[in-house]
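Noted in TrEMBL for the protein shown:
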type: TRANSMEM; residues: 12-30; note: transmembrane segment
type: TRANSMEM; residues: 57-79; note: transmembrane segment
type: TRANSMEM; residues: 85-104; note: transmembrane segment
type: TRANSMEM; residues: 111-130; note: transmembrane segment
type: TRANSMEM; residues: 150-171; note: transmembrane segment
type: TRANSMEM; residues: 178-203; note: transmembrane segment
type: TRANSMEM; residues: 215-235; note: transmembrane segment
type: TRANSMEM; residues: 247-267; note: transmembrane segment
type: TRANSMEM; residues: 279-299; note: transmembrane segment
């Protein structure tokens, strides 16, 4: 019975995670459209600290879409382990890339399509080899996990790094370096996932009739989640306003997924009982996702499609042959020029001797 229940929860978590990716991927496009409309109106941009986007309905539509995705994501974490839910966020990269090519004129070339495919394949491999997290059924058990020295050190480092990026690095380099704002969103996102996991357990206990509202951890998790999500929204808006959506989304996914997997491994000790093939499969899947996202990002400005592949190959052959031919012609021209120059110098020397000029000698 418990095994059947586990499979049922797995399927629910899988469906919720996939629907979350669709909503979140679409939210990036809606927010970007709203920010672009504000930029055309001349309003202070979010990347410069402005908040005019709060008056733009498209931005609110994107926020609601992201909210729906986060709710679905929230529920998915309650039914499935974080190492299953988080990698499926690669689908949001795919959705965002496809929609941006239609609605934002950010063309998706052949490299980008291959990158999206690799991201999906890598996510599938990670899901197959996902480690099983330790069972945490009550808030008391969750409280014990959060008090573990390893997680306390990790959370402290995340807070310190985030404060340094927000207070010191952000004002200086946030407008030019894409990693600043995205790193803030990603590392704080690791803590927000932990809060979501704890609140999911609290909701389950609430439906079971337990006095969850009297437990202080419930309110601590809710307050922490509010602060984390607010910070993520603020700095993600800044990154989207300054940089290209097709760049922001994949980089955010890679750093966010790495942070969440690290946090989940420290909090739930998911890697202690994994077999060697599952460890290799998990890392291989994640590296495949990174390669796919690299292709999606690094070659985004290359106008290369499957239709012009044969033409490109022919051009490469012509270029190679043309280079050899030009080098041969250049060599022959140099020889002819040298020969002509030698003849001219010999003629001049002969004339000088005949005229008795000392300069010939």
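Even glycines carry a Cβ here, placed using N, Cα and C.
Source: prediction; values computed, not measured.
Residues of the same chain lying 6 or more positions beyond the ends of the transmembrane segment (279-299) and with a Cβ under 8 Å from any Cβ of it are 83, 87, 90, 93, 97, 109, 111-112, 114-119, 121-131, 246-247, 250-251, 253-254, 257, 261, 271. Residues 58-59, 61-63, 65-66, 68-70, 72-73, 75-80, 84-85, 88-96, 99-100, 103-104, 127, 240, 245, 248-249 of the same chain sit 6 or more residues outside the transmembrane segment (12-30) yet have a Cβ under 8 Å from a Cβ within it. Residues 13-14, 16-18, 20-22, 24-26, 28-29, 32-33, 36, 69, 73, 76-77, 112, 116, 119-120, 122-123, 126-127, 130, 193, 245-246, 249-250, 253, 256-257, 260-261, 264, 285-286, 289, 292-293, 296 of the same chain sit 6 or more residues outside the transmembrane segment (85-104) yet have a Cβ under 8 Å from a Cβ within it. Residues of the same chain lying 6 or more positions beyond the ends of the transmembrane segment (247-267) and with a Cβ under 8 Å from any Cβ of it are 25, 28, 81-83, 86-87, 89-90, 92-93, 96-97, 115, 119, 133, 145-146, 148, 150-151, 154, 158, 178-179, 182-183, 185-187, 189-191, 193-194, 236, 239-240, 286, 289-290, 293, 296-297, 300.
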